[in-house]
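Novice: One structure, pasted below without further comment.
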Amino acid sequence: MIAIIDYGVGNLKSVYKALNSLGFHTIIAKKNEEILNSNALILPGVGAFRDAMSQLSSSGLKEGLLKSVEVGKPVLGICLGMQLLFDKSFEDGEFDGLGLMEGEIHRFDKGLKVPHMGWNHLKKHIDDPIGKELKDNEYVYFVHSYYLKTKEHQNVIYWCNYGMEFPALIRKNNIIGMQFHPEKSGKTGIQLLKNFGELVG
Amino acid sequence: MLTKRIIPCLDVNNGRVVKGKKFQNLIDVDDPVKLAKYYSAEGADELVFYDITASNEGRNIFLHLVEQTAEEVNIPFTVGGGIRGIQDFHDVLRAGADKVSVNSAAVMNPEIITEAALKYGRQCVVLSIDAKKNLQGQWNVYINGGRVDTKLDALEWAVKGEMLGAGEIVINSIDTDGIKDGYEIELTKSISEVVSIPVVASGGAGKREDFYKVLTEGKADAALAASVFHYGEIKIYDLKDYLYSSRVPIRRTE
């Protein structure tokens, strides 16, 4: 069972619907109990970093998430949900993230249209089961104003280019982050969600 | 490379897709959910739903359609039309929309842009501007479906909209809407040059070359069209092939 963490931000329906239609039993989890009973987690998120972090804490669901990471369950952060997995973000200030992977979230440089909104292609860096069946340069849908800066290049599965290279899909053991929206990325996105579902033992 | 987007727009009236000319003479086209699925499969990059019904009952039918569409398609879609306040944002986002487009309400009450941006993020606030050229050769902002001239300058309004928190601008030319003689290039280009958020051109697509022109010369990030797609005059698949071979960065699907 895959649990989508519902901590009050974002539209969870499309991820939920996509995973269920792929045959993965998925629930929208509002309680730690549900999170702890699941085999894998999805951390969604839209909106602002600070609000999302504080809602994740105040909902108490951060606890279930961290415990799940510790025991090695596959965890997928999507968009802002991915950004929360890192050390800190500079979105309208400086705020601590979950610190599960090393890196910082910065705003796109001036001179670029922000948000980076639309379909951009994935550039493969490392072969990984999460990218199974994907061809070179497939397109996925991005909507974000901030991007990840990390020194852990060995964890970057796919890069994307918008003004410069930034990680589009990153993986450290059981923790996976997708900066784009797989649930809005047509067939390519569905394949990626399928690959994630298949990581669940 | 970030690609240019092709966006079919569905004007929905009492649960059906309709199309008019210069915002009038509406005729019935098709079932919105069916069309949305079809466009998604054909390679549309995004969809827009405009609710042009006025009644409460119509609105409920519309929200139900948004829900059904969200279940059937896995590309982003924007909902607009009749958005008055933050509750409307809430309702359509909950029904499954990814972005919400505001027009008249933002002119009457600009704070709605900021309020929605803070609550749901800039990326889901689209400022839609209906503009018409005045006698001085500048563009005025119109509201209430193109019926009321606000005397606001479209370029100034676009800049202000970005400042208030809009994440994207749709610029719709009333003069070219439904006429199929090309987008308003000068207007689109001017808007695109004064803001640093994505700009979607709307109104006037008639042939493939019109898309090419607005995405290159017009500097638009996306091109929106309705009737040429609804009546099958242009197939999205063919359009994208043509744009790709004309060296416009475009996402092609199998």
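Backbone N, Cα and C define each Cβ position, glycine as well.
Note that TrEMBL annotation is computational and uncurated.
If you look up TrEMBL, you'll see A:4-196 marked as domain 'Glutamine amidotransferase'. Per TrEMBL, active site, nucleophile is recorded for A:C79. Marked as active site by TrEMBL: A:H181, A:E183.
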Novice: What are the sequence-distant neighbours of A:H181 (active site), meaning same chain, six or more residues apart, C-beta distance under 8 angstroms?
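Specialist: Set apart from A:H181 (active site) by at least 6 residues yet with Cβ under 8 Å, we have A:I78, A:C79, A:V140, A:Y141, A:F142, A:V143, A:G189.
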Novice: Does A:E183 (active site) have same-chain partners at least 6 apart in sequence with Cβ under 8 Å from its own Cβ, and which are they?
Specialist: A:S14, A:V15, A:K17, A:A18, A:I78, A:G189, A:L193
Novice: How does the model score the domain 'Glutamine amidotransferase' (A:4-196) in terms of mean pLDDT?
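Specialist: Mean per-residue confidence for the domain 'Glutamine amidotransferase' (A:4-196): 95 out of 100.
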